[in-house]
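What Swiss-Prot says about this one:
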{"type": "SIGNAL", "residues": "1-22", "note": "signal peptide"}
{"type": "TOPO_DOM", "residues": "23-498", "note": "topological domain 'Extracellular'"}
{"type": "CARBOHYD", "residues": "ASN93", "note": "N-linked glycosylation site"}
{"type": "CARBOHYD", "residues": "ASN134", "note": "N-linked glycosylation site"}
{"type": "CARBOHYD", "residues": "ASN146", "note": "N-linked glycosylation site"}
{"type": "CARBOHYD", "residues": "ASN200", "note": "N-linked glycosylation site"}
{"type": "DOMAIN", "residues": "240-327", "note": "domain 'PKD'"}
{"type": "CARBOHYD", "residues": "ASN249", "note": "N-linked glycosylation site"}
{"type": "CARBOHYD", "residues": "ASN275", "note": "N-linked glycosylation site"}
{"type": "CARBOHYD", "residues": "ASN296", "note": "N-linked glycosylation site"}
{"type": "CARBOHYD", "residues": "ASN300", "note": "N-linked glycosylation site"}
{"type": "CARBOHYD", "residues": "ASN306", "note": "N-linked glycosylation site"}
{"type": "CARBOHYD", "residues": "ASN312", "note": "N-linked glycosylation site"}
{"type": "REGION", "residues": "320-362", "note": "region 'Disordered'"}
{"type": "COMPBIAS", "residues": "321-335", "note": "compositional bias 'Pro residues'"}
{"type": "CARBOHYD", "residues": "ASN459", "note": "N-linked glycosylation site"}
{"type": "CARBOHYD", "residues": "ASN467", "note": "N-linked glycosylation site"}
{"type": "TRANSMEM", "residues": "499-519", "note": "transmembrane segment"}
{"type": "TOPO_DOM", "residues": "520-572", "note": "topological domain 'Cytoplasmic'"}
{"type": "MOD_RES", "residues": "SER542", "note": "phosphoserine"}
Amino acid sequence: MECLYYFLGFLLLAARLPLDAAKRFHDVLGNERPSAYMREHNQLNGWSSDENDWNEKLYPVWKRGDMRWKNSWKGGRVQAVLTSDSPALVGSNITFAVNLIFPRCQKEDANGNIVYEKNCRNEAGLSADPYVYNWTAWSEDSDGENGTGQSHHNVFPDGKPFPHHPGWRRWNFIYVFHTLGQYFQKLGRCSVRVSVNTANVTLGPQLMEVTVYRRHGRAYVPIAQVKDVYVVTDQIPVFVTMFQKNDRNSSDETFLKDLPIMFDVLIHDPSHFLNYSTINYKWSFGDNTGLFVSTNHTVNHTYVLNGTFSLNLTVKAAAPGPCPPPPPPPRPSKPTPSLATTLKSYDSNTPGPAGDNPLELSRIPDENCQINRYGHFQATITIVEGILEVNIIQMTDVLMPVPWPESSLIDFVVTCQGSIPTEVCTIISDPTCEITQNTVCSPVDVDEMCLLTVRRTFNGSGTYCVNLTLGDDTSLALTSTLISVPDRDPASPLRMANSALISVGCLAIFVTVISLLVYKKHKEYNPIENSPGNVVRSKGLSVFLNRAKAVFFPGNQEKDPLLKNQEFKGVS
C-alpha cells in the first residue's frame, strides 16, 4: 500500500512538471502584475489575458543581458522606437506606433526582405550578397516541403494562426503588445500601428511594453524590446497659442499694450473623439473685463493697461460616456406602522419579483449617454509698452556729385507710434519680396517725436521691395514698400547741367587768355610819341579791332609793323 502511494505521488509530480515549466505571457512580457481589480475593470477589446501559455519552442525567451542578443541580427542590433499620441481622453482611441531602425546600410525592400543599400559602405565593407535576410526564399522552401500554406510554425506565441490576408507572407516581424495584464499580437513589417479604446482603462499613467520577433527558418528570434508610458485622463487636453502683431517673442508671454492678442485653442484629439460634440470656451482675461463665452476656438483680446494678468480658460464638451445606473424603484406607500410592527416587517422583509414594479420594465439603458468633459488652461501674461505702428512718410533720392557712382542713395523718412525704438533694420529684396539682396541693421537715437531718416544704398536701377523694421527690447514694428530706382544715363538733367557749367567755364578762360594776348600785342607795337592824341582817341577802337583781326587772320595783313606805322601816319 505504501508503494502505491509513492507511485501515485510520482505520477502527480510528473503531471505537474509540464505545468510548472510552461511559461505564461506575463512571465515573458513584464514583471509588473496588475491587481485583480484592474484585470476585471480594464478589459481591452480584442486583447487576451496574459495568463495564457507562451510557446517557448517557437518563440524563445531571452533575459536582458543574455549573450544571444548580440547575434539576434546580422550586422548589428535592431532598435525599436515606440511612440503614442498620448494623452488620451477616456473613451477615445489611443494609437501606438512601433518603428524598427536597422543597422547601417540595411533596409526593407518591397517584398519584405532585408537588403543592403546600394553604394553604402559599413564597417564590414561592401557585401557581395544583396540580402541580409531573404525571407521570400525561406517561405517558398517551407511551402514546398509542406505542400500547403497552413504550417505549424505560422502561428503566434499563443498558438493562434497568422491571418492570411493578401501579402501576409511579406510580413516577417511579430509584435507582441502588453499592458494592463493583457496582450495583443500583430504580424507586420518594419513598422506597425495599434489602436486601443480607452473606455475601460484606469485613469492615470500606464505602461505599454512591446517585444519584437523576426522569422528564423521554422522558428522566431527576439530582436528588440521597448516600453513607453501613456496617459489616460478625464480632462480634455488643451493647449493655447498666443500671437500678437508686433510682439518680439511670443514664447515669453510678454505682450504689448493697446494691440490685440489672438488666442487659439488647440484640443488634443487625434482620434476625433469630440468631432460631433458641442464645445464651449469660457475665458477670463484677468483685467476685470468679465467672462467671455464662445463656441469659436479663436478669440482676440486687447489689454489697455500695463501689468501682470492671470489668464484662465475652461473648455466644456459633451462627450460619449458611461450611462449612470438607474435609480432604485420607489417603495409603495403604506400606512405608517408602529415601531414593533416596523421591526417585525423589517426582519421578515424579502424582495419581491421584479415584475411587480411596472417602472422597471420601462427603464431601458440608453446606449448613447453623454457626459460633460472639461479642460483647463492657465497662464500669466505681462503687458508692457511697445512700438505700435511704423510708417514711411517720404522717400528722397540723394543727389551725388560727378562722377556719378553705380549705386543710388535713398532717404526714407519714418515715423512711429508707441515706445521709442532703439534699432532699425532694412531688408532689400526683389519685387516679389521673396529673394533677399541686402540686410542692414543699425542702432538709432530717436527723440520723443519718433521721427527719423534712414539712408540706404541700392545697387543699380530697378524695382525693389523694402522691409523696414523698428525694434526695442520687447517689440518689432514692420512696414513695407516698393521703390523704383531710375537708370542713371549720361543725359540726365544733372549731368547736362554740369556739362554746361564746365563748357561755359572753359570758354570764359579761353576768352580771357585771348584778350590778354591781344592787349600785350597792342602795347608793344603802338608807339605813343608818334601818334597824335586826337587820332588815338578817334581811331582807338578801329585800331584795336584791326589788331585783333591781324592776330586772328594773319594771312590777310602785312607782316612788317613798320608798314603799319607808315600807313597810320599817312592817314593822319
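Glycine residues also receive a Cβ, built from the backbone N, Cα and C atoms like all the rest.
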Neighbour count first, Cβ atoms within 10 Å, every protein chain included; then name which of ASN134, ASN306 tops the list of glycosylation sites. ASN134
Nearest to ASN300 (N-linked glycosylation site) by Cα distance: which of the glycosylation sites ASN93, ASN306, ASN312 is it? ASN312
Rounded to the nearest Å - Cα separation of ASN134 (N-linked glycosylation site) and ASN459 (N-linked glycosylation site): 63
Counts of helix, strand and coil residues, the domain 'PKD' (240-327), according to DSSP: 3 helix, 46 strand, 39 coil
According to DSSP, collapsed to three classes, what secondary structure does ASN200 (N-linked glycosylation site) have? coil
Nearest to ASN459 (N-linked glycosylation site) by Cα, among ASN249, ASN275, ASN306, ASN312 (glycosylation sites)? ASN249
DSSP three-state assignment (helix, strand or coil) for ASN93 (N-linked glycosylation site): strand
Hey, what's the Cβ neighbour count for ASN249 (N-linked glycosylation site) at 10 Å? 12
Counting every protein chain shown, other Cβ atoms within 10 Å of the Cβ of ASN312 (N-linked glycosylation site) number 14
In three-state terms from DSSP, label ASN134 (N-linked glycosylation site) for me. coil
For ASN275 (N-linked glycosylation site) and ASN312 (N-linked glycosylation site), what Cα-Cα distance in Å is obtained after rounding to a whole number? 24
Cα-Cα, whole number of Å: ASN467 (N-linked glycosylation site) versus ASN249 (N-linked glycosylation site)? 19
Among all chains shown, work out which of the glycosylation sites ASN200, ASN275 has the most CB atoms within 10 A of its CB. ASN200
